[in-house]
There are 2 protein chains.
Amino acid sequence: MKTQNIPKATIKRLAVYIQVLTGLKRDGVEVVSSEKLARACSVNPSQIRKDLAYFGEFGVRGVGYYVHELIASIKHSLGVDRVWGCALVGVGNLGRALLRHKEFALRGFSIRAAFDCDPYKIGEIVSGLEVVCTRQLKSRVDELGLEIGIISTPPERAQRAANYLVEGGLKGIVNFAQARIQVPKEITVEYVDFTHHFYSVAFNVSSSD
Amino acid sequence: MKTQNIPKATIKRLAVYIQVLTGLKRDGVEVVSSEKLARACSVNPSQIRKDLAYFGEFGVRGVGYYVHELIASIKHSLGVDRVWGCALVGVGNLGRALLRHKEFALRGFSIRAAFDCDPYKIGEIVSGLEVVCTRQLKSRVDELGLEIGIISTPPERAQRAANYLVEGGLKGIVNFAQARIQVPKEITVEYVDFTHHFYSVAFNVSSSD
């Protein structure tokens, strides 16, 4: 079932489909037509069919998609139908918000450890986790099943955080810090940057004036 | 100078260029070759030239780009060489982190008002701003120069927040809530969702196992 080389844009849309489908499920909807799903996701129905075709056949002609089943299938295809153990490095404002953000656990990403090298933060409990010195990271990886690292440090400390995660043997990093990082090429890195969304809104608003 | 219909992917890359160039400037670099800039941004040099070509001619043959000048030019082209007044709705964990996040102001997005309808939050001071009832939003727009709305509510309250922003006359919305919103088509909406970055990392890590 697992298909390699799925375009990033498709994965992004699949995340939107899961978000919209989860909303429908919350509202008690059991079946959704492809037109209605497409409208709610701001794409056209053929795009949804194309994206889902990477993973197999979905939907029932004349009926649509079974909401619960489609969520499960997309999650299975993406490998997110299991819980991933995550380690967060950088317990500043953003780090604290991420530790307290309920969505991650709901989506299968369980933050099990919080690291920071600031002696004033070590020992503090944030959202049920004790902040531990980043030098201890490697020794916690197996015990806690840490697989994905989250960097939420200031920009100038992002590379050091990345080094600790790589030494710890983590294979994937989601980087919220405003800095590029260098890691061995077998490590997957995703950069999260809110700014371009603001730029995009600002650009569109000034263009339409 | 202002060009309409710049692809979203280009705006996203321009944000990366600004991020990388700002890092270079912080490190005291004054001139950067297109190859070095491209490598730091994880794109190829021809992509940078193509993206910049939307706005005019940049770079000096045999020299490269003047860092300070290029940052200023990209910002001017995107309409982010001025300060945008922003209003945040939803002072939960994420909202607080956004209010305290220094990057926004550095990038020209000044959060000038924080709204929440929770009576326990109204009156609280977060990052120097007093939390005000969302019903007051419209009456603050002109006085504070609010132009862009930020939604950081729980998913089930996102639509109501959007309604207040639209009634207030704001023309652009950056939505961090995990829910789609309906707004008149002249309003620009950008959805911020971290989850697809996690999905993408999880998918790549499981594929490479």
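From the backbone N, Cα and C atoms, a Cβ is placed for every residue, glycine too.
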Looking at the ranges A:16-55, A:96-135, which is given as DNA-binding region in TrEMBL?
A:16-55
Near chain B - the binding-site residues A:Gly90, A:Val91, A:Asn93, filtered by Cβ distance under 8 Å:
A:Asn93
Secondary structure of A:Asn93 (NAD(+) binding site) (DSSP, helix/strand/coil):
helix
A:Asn93 (NAD(+) binding site) CB neighbourhood, other CB atoms within 10 A:
18
